[in-house]
């Protein structure tokens, strides 16, 4: 057995220093050749020899440098016995240089002489200096008077562990890096000044070791040229000269350099003229420096060239490089000069030296070093080559320069006293490196500020929460790390925000003035800032002067940072609050005085207060920095503020902490972002806080998820401001997280979702990118980093664009011998994307890849130091999808001298690279010995996270003979595959859920046809386990998912090699699918599948499963098995959804799992199935659920198995054959009522526990409808049970679903509380229940063949439910039959003439479930019933059910069945021929709209009838009409355009009247079945001529009962239609309403009262309102007197009293409209009833249902108009208190809550109304109250004036502004009101509205305009007619 070893790879493999050049490819090899013509096995590569380990990361360079130095430096402090005064230094370096010679042993050494003056601070026997690695030649110490101080020895006394004596060493101690010059006891006298002189030899080190170091460059001829420079921070000055090498020992320095004359010598000060000292040596004595620390001294010698610039302060800045870089230095010179100038301006201190040199070296351990006056850099930050370097490279250079230049003040002028306060140097430099660029490049200010948030704040916060974090003030310093740099910079950003930028700047100036040329500690800075704050009246959270020290100490002396929780917790009311806690775990941290709390400044903005303002979250209650005790300050609280609309607490992004919003606050932030956009800083902060909080929860093993982050990112990236001005920083913050998502699924069957995610987020911004440089660094840098991702994910037109662009590159560079950098016509920012696109999309015949490879080989020779172009080529080539070119690229990478992690990292994002790397290693097994092994395996397995990959990798391991270390390396990656597999399988579910919810269509209604018709008779065995909260345990990451297995047996009907099945939103690995053939004797033979080509079609919800090698499946029986997981919607939805409710003894929250598959995701979201209606199958269902829950499904339960773990499985018997969309499952805590039908069908109404008592009515309707359908059609229900499940929540797309055997719907459609339910609510329960029961026959037993025939389901259910109700409640005939038949016709006609909305009943045009199949379908069935007669219609439908039971049918099947019945019974058509139902019905079902028959008067006595389509056009219908005259009601056909029978349709005017579309009942002898009634009603309108219309009116006025109520209602509806459509004058309609004074039926009154209500509202603010009121009151007076305010049990208007819970709707309509019309009598009754109500209910503690004494139908009007008239102020309070009780205590069913709420808006007390409005704005009352206030406001201007006075509050309200606008303008209709509405748009307050709010307001203005236009058209005629018929108003 091989041992498992832990293997730690070297993170970065150093590049070879040798220049390796293989023979380059000849140009002609590529000219006009294609890839396949080349011998790719023999392609040769050139490899570069220079590439920094971190080419784009200055900070990483510096951190790596300090880590290396920490290996050999000591922090041992010098004894505090000496004070440094000045140094005189002389150096002569020896290194290969032109024209000089020296002894070989001196090579890379230097001679040095050091003379320093010191003052003794204590009596001592020695002078102790720092020194390291010197050969001391001589030494001397003299006193100030010139006398020599005897030095007895140079040594270091060291006490050994086992000795008590002192050993003396003869040289300096390099262990402690100290040199002791020992004199006599007390020979060093305190207060005396001494001169110490030492001559020595030192080493010139490799650049990695600092001190004096050497480096070199190669010229184009390959000649190597050396140069030297120094690097002394923090402890390397002691390698250059003996010194007091601690920052506090500041002194002046005079440096003299003797150097090769051919070179240039530089130092801190500007060089004096050189002196020739012979032998090609020169010498320069540099001027004395200002007082500074030793580590800041510097010099350099080499072949340097420069570019110069002089800034406005007359400071010379020079950028230095080596020969060949001259042309690239000007940017550095200018940038440095401008940064210096701006720093001088900011600090108020001009740069104190005459010059500032910026020296770029080929090699430098750190990114740069801030030596005063001579800053040394890695060359990339000085030499800017625009042909290879991007905008990001340029900005990085500018940033590094400004960092080092900031040090000239912070670090050089004022220096930290010791390294524990290093942030005083590095924190300031990091802060200013982006801050000071803003005045240098003002147009880039936003970009630079977001960079500071990204690179400083976020990095600092992350470092501070790590387990290895240290305090900012760090006694064990120096710490050159993220805490010092980034946290330090972030502290300054926060201080600037708290103090204000101007006060902060003043404080910094004071600090520099006070501490210049000296050393500082953190207390010096904080004290100065406190003084400055006090001088500027900056106050703290208690209103006292801010003590910056107290405020900052918890941040400086503690690790960790605060997590601020934003707590809102309520949707509509309450205050937001903040709490804090440590972000990181403090259990292993040392105790602190502050107990890991902080005083947190929060820069906040809300919609109410959009200007950012400071809020404090104090560390503790009280004000410890004030004179008062904490006890006296207990009133100081956390900040609380309103957060009803949106609330950002990260404005400015300066708070040092992370803020996490609760879900409500977060949703509002999202809403604000989507509506108004967001700036880059807040976006970066929000994204970072969300992500790192998620990681925090993950690391603590608490529930977490990516969904909030992804929602946030999606919102941000799709805002208009991001699209117009994309932010690099925002993208950079989000991209690593998006890559985590991509990494989860890139190698899975769901890989396409990653591409879709990128397109969802970035398609819009991609469309805005111009593919050229702009003036904005942010946009250009974004393009550089984003576009390669756009290419990889195929966003937009990247394929065509990049292919075209590379073709242009190829053309432009056709003659190039030097690569592509100089000739590429496109910006460097675009090249990675162009090269990636060319590699990815080029066809196999293209030579693009090899053109790039050729360019790469040239670039590494042409631009060895400017590597960006060849790195872009390499990264681009890594996008190739070709296995052959990937093989070439892998060989290049494995042999390259470049960093292997970088190279192989490019391949991580290539989805096909993993297999290419695997195959290459399999063929080249010697790679296991390569130093690239770790990088290689990391890339190969980066995306692998599945069982297949685990097996694949293990197989590779076992096939190679590995050493122990190699085995350990492989094992590491094998374990990673397993770990990633486990992570994806568990935590990846929530991510996948988000992807399915956002980048895949949720569902379609319907899905398009996709199945092949090659299988039939599926039999499913389904096992499902939904994970919903309850008593059953499951891991949190499976919450709201379900696991499933399904076995389906089916028959193949024709040879196939691919199984096509439906699956959607299901998660599985392809290897979890199995297929077997089943022989006649039930033997199984497993068939191998081609798992790699199993594909999901997300847009169609289809899964294709090919067999391996296309093995043919011949017709026979097969078995298909799946194991999978799916998602449960967390809100009511179609598909697999959840419900929540509160109930039980403790009113606890409960959860329900439920399904609805007719629309949306479909059954394919629960199980793989053939999910089209025609694929009927049988289902055996097993449901695993918590043992205290109940599971329901279509069939009856067969039994339940209970397990020990709290789970149970309920097994159901097999269903009948049914379509998959009828499958249903419910799981929850349920109770039921049960009843048995006449034929033994068990019916159960289920509710969540405790609610079942309210389902008895629905249960009776269920049983009654079952009995009706069974008896009437003589077709038994094929089920042994029928369940009705009333859910507390249901999808908004439907009310209920007719699943076979398990009807599921929203509770209010199946339950009611008789104490509160109105007649309409009761009727709705009856209608819904009966409708769904009818579906068990029409829709479930017989099912449509495809969804365009949905009326076969819905039309029948909508038609026959009326008979089910009538069968159950025979006393309700008028409502159930008469009214419902009319109502179906009325709704159908109303919507069937709206262009753009109307469509045929049978249609593919969405939506499927519209008005047409339901209402028009029902109306047409009634039409058929009329034509065929009820008996024949019944006979045909019975035959239809019999023939197609458990099958599918089409409309033609239905027509055929009815045609047979018609012909059997000798029914003839319009031509007298046997009726062909299809010929008759096709015109009605396949055409849009309906016929209008127009009667035109010819002459004076003849009427001609013609038909036209309501929507014009050539359509016509054969119309069956029932014509009623005084003598009879006759059936006639209207054929073609003119009727077809002139005897009928060209006729003289009738003597009295003639109605051509009568709604009369048939004679009793026509009825052959007691269950059916014959309601004459055609699907058409009759446009009567004036004379015919007058006769009808006259008849109604004389005896309205000659026409039945349906006819009267139809006449009213037609007349209303004709006047509103402009065909009639309004008076023609009004004339008809005169007869209403005698009307007593529901349908006519409902039509009339709709009109009355409309005109009362329209005239609310018109002076003629009283005429309208009089008209309504007079018209309804007789009916009111007849019915009064009494109600009964008949749902229309029967006076026979029946059950208590049903009352008359007609009374409700009359009462409402008369109160609206200000009928004095009605209002008096309302007041009387209201007073009694108040008396009885004012002390009620259980609602109003029992005490009210008012029928539920009448309560709304009573409460409203009673309170409106009340003079008792306590009445308002009583109503308000009762309403409050309902909001807190009412359950789910209908209550008086809304009635009481709306009545509050009826009060006329303006003070109370304003109180209500205020309550609405803060969420105390719902926004629906606004509509009541607006509707009952007599002045009309209450809401408008309130808007003027409270604009911000209204905009900040917890509802959409459009609701307020609609309520405000609902009845405005006058010109002054229109003018007033428009005035607001011209005012200042209008500009406070966002775009969406402005749109809403303008829509309100348009509403007023429409109302006014209506008045202009109808007002005069209407008022004149009323005056003529009713006289003056008398109410």
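Our numbering is plain: 1 for the first residue shown, then up by one each step along the chain.
Backbone N, Cα and C atoms are what each Cβ position is placed from, and that goes for glycine too.
As annotated by TrEMBL, signal peptide applies to 1-22. Residues or ranges marked as domain 'Aminopeptidase N-like N-terminal' in TrEMBL: 92-296, 1019-1222. If you look up TrEMBL, you'll see 335-554, 1257-1484 marked as domain 'Peptidase M1 membrane alanine aminopeptidase'. Residues or ranges marked as Zn(2+) binding site by TrEMBL: 403, 407, 426. Annotation source TrEMBL lists active site, proton acceptor at 404. Positions annotated as domain 'ERAP1-like C-terminal' by TrEMBL: 652-946, 1577-1882.
Shown here: features listed in TrEMBL, placed on the structure.
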residue : record                       : Cβ neighbours (10 Å)
403     : Zn(2+) binding site          : 29
404     : active site, proton acceptor : 27
407     : Zn(2+) binding site          : 27
426     : Zn(2+) binding site          : 27
Cα-to-Cα gap, the residue listed as 'active site, proton acceptor' vs residue 426 (Zn(2+) binding site), nearest whole Å: 9
Any further residue of that chain within 8 Å (Cβ to the Cβ centroid of 403, 407, 426) of the recorded Zn(2+) site: 370, 404, 406, 410, 411, 425, 428, 429, 430, 432, 433, 485
